[in-house]
Each structure stands twice: as structure tokens, then as C-alpha cells.
Ligand code: PLP
């Protein structure tokens, strides 16, 4: 690359990623093939529209790319409909909301401070500004989604849409119960599986496809693709748009969702990213990917166990997926302080609200830790104990900068020789 300033910064970032312990639950390391596609000549092409129906000439090749991406994605999740154009998970949700709802309509989402996502009704996001959000949460005693509360709020508020999905929830989501509740009140059920999508693709967690009218996801978290979003529908497309689509059929709904993405909310699709998504979906269809996801879960469970043995409070007492949420209030350190001290030690996590938190979102009482990225680097459950010891050491000594720097050296020697994307992740 001729631009020295940017190439130096890319190298600096590569070194940071290589030498550190990446424990952010929403991050991963895409394969070289995914990155090659993302950095390809496909970035040069305008292709407004969809395969076979474009507003630009010269789309015959990108049509094949996008078709391949859609077909692989449908196969991966057993879906009947797939849209691979959303630029991000938020864009995917925007497209679904804007076709299913009118401004002011009521939506029922997972409270952000209990583990939900900004796009599920937060007042600082379009979803909370344009629509009328009400929320469900977790039970304080168990840390598990309170399905009685979901039902109660749904019956009282009669939302037009219910959103099942989370950014910081370590347990399996019961889509069947969500669907029962949605049917009781005549709501559209949207699953946002952005976090566990890779585990679902591997068949290790229940799939929302058979229960939810519409499913959205990101492609860069557990799926390990490029940054982006997707929209899916399964076989059950029975009239989710209410009056608007009496006797609704998949074809009609598909074209409504397609036009909500383009031209409703986006312009030209990113065909280089769509190609990278296709590569990632191809990788996700392999047995190696299933082995990788099994290891992601084993690593997360091993982390949870090792933390609990050191008297850390894990919300819900464990994990079914790729992440854990830790309440640090018994350790006399805030989430913000922990995130900063761990950063000095070369360990990247994010501060996170815990359910019923008494601190602000800028401070928080917790941290969220995930295993997708370290598992891609080849770490296995026997190394989780060591990671927990390092984190515990940081938390006990968070104000001792020279000690944190000595931990950084240990992290560096543990990680620097490992490739970002280990070719074989065997369980
Ligand atoms: N939905 C959920 C549940 C998420 O966790 C996220 C990202 O963290 C998103 C949507 C949004 O994804 P993006 O950052 O690609 O807009």
C-alpha cells in the first residue's frame, strides 16, 4: 500500500490484535478468504436493485455473487428467504421495522440494561424515537428472561411487534414461548440472533427460523464473516403483517422486505462485502465450523466455571452460548475501571450494565466476556484457567500500572505466536 500513514496504522492494529487477548463477545477474526473477498474489485461496482433486476448495467457477475450468498445463507439456516444487502445489523432491523410498523406503533423489546440491544427500543436510537417501546427483562433472582413478564406486558400493551434477541444474555432464548405470546396478542415476532447466529448455524442452539416471522442478524460476530447484516424468513410466513397482508404469502412478503432494504433504507449494495458474506457462509457450512462452535461453547463454560471458583458473580450462574456477563460489585471495581485496567494488560473486554445495575451506562457494574475470537485463535478450555488467573490478577491490582504492564508481557508471550485465524480449530 502506498499510503504510508494508513498502512502503518493497519500494521499497528494487526499487532494489537495479534499480541492481545480479544475477549469482546461481539468480535471475531475473519479468515483470509473472507478478507480477500472484502478487499476485492467488487468494491468498484454499483448494483442498486437485486439479481436480475438492477438499475445499473454490468451486473452479470455481481448477480452471481449475490445469488450464491443468498443460496448459501438459506441452506445454512434452512430459510426460505434471505436478504444479504443490509450494511449492518442495525440496518437490517431498520428495514424490518420500517416495513412492519408505522411511526408510533408499540414494540416490545428486551431492556437494554438487562441485555437487549439499542435497536430494540432504546430512547437514543431510531427504534425508541420513531416507535413506542415497552420492555421485558430478566428475573433478579435467576438472571433469566422473565417469560411471565413478557406475557404480562404483551397482554397489557398489545405491541405490534415483539423482539426476541440480545447483546448480553448468556442463555438460550425460548423462541417457542415467544411465538406463543406473539400469537396470543397478534404481534409480529422478530428474532435478532446477531450474537448466537454462528452457534445456531452449527445446530448447537435452537433456531428461531421455525418460530419467528422474521429473523435478523449481523455477520461478523459468531458467524465470523465481514461486518454486515442479513434478513431471513422461514417456512412460517403466515400473515405476520396483519391487515396489510391478509393471506400473506412468502413471495409478497419477500418483495416487501427487499424493497424496505433497497430503495427504502439503503442505496447501492456492498457487493465486495456480500462476496465476503458468501465466503463466510460457505465456511459455516463445513464440519470444521461446527467443531469451532463446539469449542466456543466449551471455552465459555470453562471460563464461567473458573470465574465462579474465584468468587465472581456470573449473571444467571453460567452460560449456554459464547459469552458470560460478570457482576463485579463484590470485587469493588466498576466495569469502566475493569475495562481500562484490562486494556493496559492487553486484555480487551467491554464494560456492561448488569441487570438492576445501580451505576450509569458509562460506568457500569459489569463486564461482558466472549470466546468467539480466542477460539478462532486456537485456544482451548485448558487455557481458560490461565486467562481467568490473568484477569483476576488485573482486577486485584487495577491501580498498579507497573503490575498491569507485567501482565501485558505475559499476555504478549501467550498470544504473539498464534495466527489470528488458526486453520484448524479442533475440539
Ligand atoms: N442486534 C444485536 C442483538 C446486536 O448485538 C448488535 C450489535 O452489537 C446489532 C443488532 C447491531 O449490529 P451492527 O453493529 O452491525 O449495527
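The backbone N, Cα and C atoms fix where each Cβ goes, and this holds for glycine too.
Per TrEMBL, (6S)-5,6,7,8-tetrahydrofolate binding site is recorded for 112, 116, 117, 118, 243, 360, 361, 362. Residue density at residue 362 ((6S)-5,6,7,8-tetrahydrofolate binding site): 9 other Cβ atoms are found within 10 A of its Cβ, drawing on all protein chains shown.
According to TrEMBL, the domain 'Serine hydroxymethyltransferase-like' annotation covers 2-391.
Taken from TrEMBL, the feature N6-(pyridoxal phosphate)lysine applies to 221. Neighbour list (residue 221 (N6-(pyridoxal phosphate)lysine), Cβ cut-off 8 Å, at least 6 residues apart, same chain): 25, 26, 27, 28, 194, 195, 197, 198, 372.
According to TrEMBL, the feature site 'Plays an important role in substrate specificity' maps to 220. In the shown protein chains, 26 other C-beta atoms lie within 10 A of the C-beta of residue 220 (site 'Plays an important role in substrate specificity'). Taken residue by residue with DSSP, residue 220 (site 'Plays an important role in substrate specificity') is part of neither helix nor strand, so it is coil.
For residue 220 (site 'Plays an important role in substrate specificity') paired with residue 118 ((6S)-5,6,7,8-tetrahydrofolate binding site), the C-alpha to C-alpha distance reads 17 Å. Take the binding-site residues 116, 117, 118, 361: by the count of other Cβ atoms within 10 Å of each Cβ, the lowest one is 361. Among the recorded positions listed (117, 118, 221, 360, 361), 117 have a CB atom closer than 6 Å to some atom of ligand 1, in sequence order.
When averaged over the domain 'Serine hydroxymethyltransferase-like' (2-391), pLDDT in the model lands at 95.
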